Amino acid sequence: MQLNPFAKQDTNSSVPEKTLDEKAASIREATVEDFIEDDSTANEFGHGNASFMSAYFNVTCVVAGTGTLGLPKAFATGGWLGILILILAWAMACYSGIILIRCLYAKPGKRLHDYKQIGKAAYGWFGYCAAAFFHFLNLFGCPALYLVLASGNMVDLLEGQSSVLTQSYWVIIWGAFLLIPLILFRTLKEVTIISSIGAICTMMAVFIVMIQGPIDRNSNPQNEVHLDGVIWPGFPSALSTIAFSYGGNNTYPHAEHALKKPHQWKWAVTAGLTTCTALYFMTAVPGYWSYGDAVKSPIYNSLPDGAAKMIAQIVMTIHVIFAIPIYACSFSLEFERFSKCDEQHIGKVFAFLGRAAIRTVTIVILCVLAIFVPYFDAFMSLIGALCNCSLVFLIPILCYLRLTGVRNKPIYELAFCALTLLLGIVGCVFGSWDAIDELIEKFQADAAQ
């Protein structure tokens, strides 16, 4: 007996029908899902059930963050040339995010799991060690940088009170506070929710800067604002700061694996990075135009004292405090797997004690870094140059060409790969050099006081 697919199905009358709004939402999502199709429709290798919109929000929430706050300073370092650098970085980050996932499927019938396995598949143990080094350096550097920002914000917010703690004390307080959820929870399944809160906080700070900055300049016409077209010596530092804003490649394999239709990844990562770039322009251009070469990093330190500056500091403090456990937990989980510190190998009690010890040591190291390197702008430039230029611009390109070949690529793609590698090397080498010089100057200035 052949069933009629158009026949009306028998339904239980006690179940309420969908409302018009729910139907409209379902139609819209289905339209997006059906439009962004590809030749491949198979869902292999145990992929999840996430939709295109889920992947889009995942990319946007992970990438859009504190790097936004340093972009006006990047423009002050490189001049209006920063606009071109930002556009190039966007295009290269999109391409890098797409080919990184292609590398996961370079071997027929097999899917690699993460960034480190891609490095190993391409260049053996040397590639594995290089990818692991920059990956773990990023997992340590970013939360330490966030501790610097959060503790500095607390000092500024409580300035003028009868008893004000120093920045070092606030680093210790935040570290102790964050250690509680890290020990109590084995994994952070609420990563998407936490990332969403961080993205919302970033958007609030962006709109505050976009509105308050031009108002401040127009209200003080007597203040001279110096703007430069191009500052070539500042190109590497500007590139490294902008590269920091596009960090997130090491989370892409997990986001793609959650997709129900993994062939939609290229559209999801492009849409997500485009949204982030729009937010970056909304911060960088008004911020640099308003304050010129005198702009500070983070940008809200250039705003006049008042409600707008206070709100920006509060929301960004919330953002970084939510972001730190994501990085710390990611590192801890990888180290726990490596050391076999789990219930299967050592039992429930010893697994808990081992997990607590590993995560306590992780937080202690982060606090030590944040206390001894309390310079947000130079620290961010160093992380952006050393880690993100490698993770975003260098390693994906080198692994992709190694795994898939060079001669089968069109000349324009090879030219784009060469340009990406060139800028990645410039940002990594010279950007790190400039950031280290800046850190040395700051240490010497503090020692002279």
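Just so it is clear, glycine is given a Cβ too, placed from its N, Cα and C backbone atoms.
TrEMBL annotations:
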type: DOMAIN; residues: 49-436; note: domain 'Amino acid transporter transmembrane'
type: TRANSMEM; residues: 80-105; note: transmembrane segment
type: TRANSMEM; residues: 125-148; note: transmembrane segment
type: TRANSMEM; residues: 168-185; note: transmembrane segment
type: TRANSMEM; residues: 192-210; note: transmembrane segment
type: TRANSMEM; residues: 230-247; note: transmembrane segment
type: TRANSMEM; residues: 267-291; note: transmembrane segment
type: TRANSMEM; residues: 311-335; note: transmembrane segment
type: TRANSMEM; residues: 356-376; note: transmembrane segment
type: TRANSMEM; residues: 382-401; note: transmembrane segment
type: TRANSMEM; residues: 413-433; note: transmembrane segment
Best-packed against the transmembrane segment (311-335), counting Cβ pairs under 8 Å over 125-148, 230-247, 267-291, 382-401, is stretch 125-148
Using Cβ atoms and a strict cutoff of less than 8 Å, what residues sit near the transmembrane segment (230-247) while being 6 or more residues removed from its termini? 63, 65, 67-68, 70-71, 73-75, 77-82, 85-86, 89-90, 93, 138, 142, 273, 276, 280, 297, 380-385, 387-389, 391-393, 423, 426-435
So, does the transmembrane segment (267-291) come close enough to the transmembrane segment (382-401) to give 3+ Cβ pairs below 8 Å, pairs being at least 6 apart in sequence? no
Per the 3+ Cβ pairs under 8 Å rule, pairs at least 6 apart in sequence, do the transmembrane segment (413-433) and the transmembrane segment (80-105) touch? yes
CB contact flag for the transmembrane segment (80-105) and the transmembrane segment (168-185), at least three pairs under 8 A: no
If you count every Cβ pair below 8 Å, which range out of 168-185, 267-291, 356-376 shares the most with the transmembrane segment (125-148)? 356-376
